[in-house]
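S.K.: Dumping what TrEMBL says about this protein:
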type: TRANSMEM; residues: 9-29; note: transmembrane segment
type: TRANSMEM; residues: 76-95; note: transmembrane segment
type: TRANSMEM; residues: 165-186; note: transmembrane segment
type: TRANSMEM; residues: 207-227; note: transmembrane segment
type: TRANSMEM; residues: 233-250; note: transmembrane segment
type: TRANSMEM; residues: 262-279; note: transmembrane segment
type: TRANSMEM; residues: 291-309; note: transmembrane segment
type: TRANSMEM; residues: 316-337; note: transmembrane segment
Amino acid sequence: IMKFTKKNFFFLVGGVIIYVVDIVVDFWVASKYFCQGQYSWSMLILCFRGLSSLVTQIFSYEWFKSDWEGTDTRKLKWIFLVHFFHCGIFIRYWFALKYGCQAAFKLKSSGDSSETDPSNFIKKQAIDAVTDINMLRVFKAFLETTPQLFVQIYILMQHGNTNGYQYAAIFMSFCGISFSMVDYQISVQKSLPDKGEFHVCSKFMYLFYKLLTITSWVVSISLITLWSVRISVILLIFLWICGFTWTLKQCTTFCKSKKMEYLYRTVVGIILIFTFFNIKGRRTKVCISIYYATHTVVTLGILFVYMIWKPSIIKEIPFTIVIILTILGIIFLVVYYRHFHPATYCRPQACLDEVDGASGQKDGVKSGRFQNFLMP
C-alpha cells in the first residue's frame with residue numbers, strides 16, 4: 001500500500017520554503033557582487049540560475065503536456081504561460097501540497113492495495129507530484145547549485161577575504177545538493193515498489209558519500225581554475241563530451257521527442273561531470289568503479305602538480321580539505337554500496353521490460369516516468 005504521511009507533507013512544505021529562500025539568496029549574492037563592481041561574478045551566478053530555470057521549465061511543461069494529453073487545451077495554454085514566466089515549479093508544488101494534504105490529513109486507508117481504491121489513488125497522485133518535483137530538483141542541483149558552489153569556492157580561494165553573503169551562498173548550495181539527493185532517493189524507494197527499502201542509515205551514508213565526493217571534486221576543479229582558467233574550461237568541456245557520449249551509447253529513451261531526448265542527454269552529460277548516475281537501471285559496478293577511480297587519480301594528480309608548482313600550498317587549508325574529503329568520500333562510497341545500498345532495483349522481468357523505455361509505462365506516462373529517470 002502506498003504511504004504519504006504527515007512527515008512527508010511537512011518535508012514538502014520545508015522544500016517549498018528552501019526553494020524560495022534559495023532564490024532570494026541567489027539574487028542577494030548577485031546584487032552584492034554587482035554593487036562591489038564584480039560584474040562578471042554577478043552575471044555568472046544569474047546565468048546559472050537562468051539556465052537551470054529554463055531547463056526545468058521546459059521539462060516540467062513537457063511533462064504536463066504529456067500527462068494532460070487529450071484534456072482541455074485552455075489548461076495547457078495557462079500552464080504554458082506560467083512556465084513562460086518561470087513559475088512552473090510553484091504550480092507543481094501547489095499540486096503536491098493539495099494532494100499531499102488530502103493524503104496525509106483527510107484520508108483513511110481502507111486496507112485495499114489496489115490503485116483503484118480512492119485513498120490509494122490520492123496517495124499515488126501525491127507521490128507522483130513529489131516525484132516530479134524531486135526529478136526537477138536533481139536537474140537544478142547540477143545545473144545551478146553545484147556550479148554556484150564551484151564559483152563561490154573559487155572566489156574564496158582566489159581572494160582570501162570572506163563575507164557573510166559568500167558563506168550564505170555556500171551554505172545554501174550545500175543544502176540544495178543535500179536535500180535534492182536524499183529526496184531523490186526517497187522518491188526512488190516510493191515510486192519503485194520492488195526496490196529495497198531506504199532506511200535512515202542508508203540515507204545518511206548516501207548523503208555523505210555524494211556530498212563528500214562532489215565537494216572534493218568541486219574543490220579540485222577550483223584548484224585547477226586557480227592555476228589556469230583555460231585548462232579548467234577545457235577539462236569541463238572534455239568531461240561533458242565523455243558524459244554525453246556515454247548517454248548516447250546507452251540509447252536512453254526518456255523523452256517522446258528526439259529534441260527533448262537530446263536535451264535530456266545534454267543535461268545528464270553535465271550531471272556526470274560532478275557525480276555518477278546509472279541512467280539505465282542496470283548494475284554498473286564496473287562503470288562506477290572506473291568513474292570514481294578516474295576522479296581520484298585526477299584529484300591526486302592535481303595535488304601532485306600543486307606540490308611541485310607551489311609547494312607552500314601543502315600548508316594551506318584547501319589542500320588539506322581536498323585530501324580529507326577525497327578519502328572520506330571513497331570510504332563512504334564503498335561502505336554504502338557494500339552494506340546500505342538497496343541492491344534490488346526491481347524484479348528481473350520488470351528490469352527487462354520496464355526500465356528506461358516506453359514499454360515501462362503502464363496506464364499512462366505518469367506511472368513509468370521515474371523508471372526512465374536517472375537511477376542511482
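From the backbone N, Cα and C atoms, a Cβ is placed for every residue, glycine too.
The structure displayed is predicted, hence computed values, not measured ones.
Have a look at these and tell me how they're positioned relative to everything else.
M.R.: The list of residues near the transmembrane segment (9-29) in space but at least 6 beyond its ends in sequence, with Cβ under 8 angstroms from a Cβ of it, reads 45-46, 49, 89, 93, 96-97, 100-101, 103-105, 130, 133, 137, 145, 148, 165-166, 168-169, 172, 175-176, 179, 183.
Below 8 angstroms of C-beta separation, residues 11, 15, 18, 21-22, 25-26, 28-29, 32, 45, 130, 134-135, 137-138, 140-141, 145-146, 148-149, 152-153, 155-156, 198, 202-203, 206-207, 210-211, 214-215, 376 of the same chain, each at least six residues beyond the ends of the transmembrane segment (165-186), sit close to that stretch.
Using a Cβ-Cβ cut-off under 8 Å and counting only residues 6 or more beyond its ends in the same chain, the transmembrane segment (207-227) has close neighbours at 146, 149-150, 153-154, 157-158, 174, 177-178, 181-182, 235-236, 274-275, 292, 295, 298-299, 302-303, 305-306, 309, 318, 321-322, 325-326, 328-330, 332-333, 335-336.
For the transmembrane segment (233-250), the list of distant contacts is 221, 224, 265-266, 268-273, 279-280: same-chain residues at least six beyond its ends, Cβ to Cβ under 8 Å.
Distant neighbours of the transmembrane segment (262-279): 55, 58-59, 138-139, 142-143, 146, 210, 213-214, 217-218, 236, 239-244, 246-248, 250, 252, 254-255, 287-288, 291-292, 356, 374-376; these residues of the same chain sit at least 6 beyond its ends, with a Cβ under 8 Å from one of its Cβ atoms.
Beyond the transmembrane segment (316-337), the same-chain residues lying 6 or more positions past its ends with a Cβ under 8 Å from any Cβ of the stretch are 157, 202, 205-206, 208-209, 212-213, 215-216, 219-220, 222-223, 288, 292, 296, 299-300, 302-303, 306.
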S.K.: In terms of Cβ proximity under 8 Å, which residues at least six beyond the ends of the transmembrane segment (291-309) contact it?
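M.R.: Apart from its flanks, the transmembrane segment (291-309) reaches 213, 216-217, 220, 223-224, 227, 276, 319, 322-323, 326, 330, 333.
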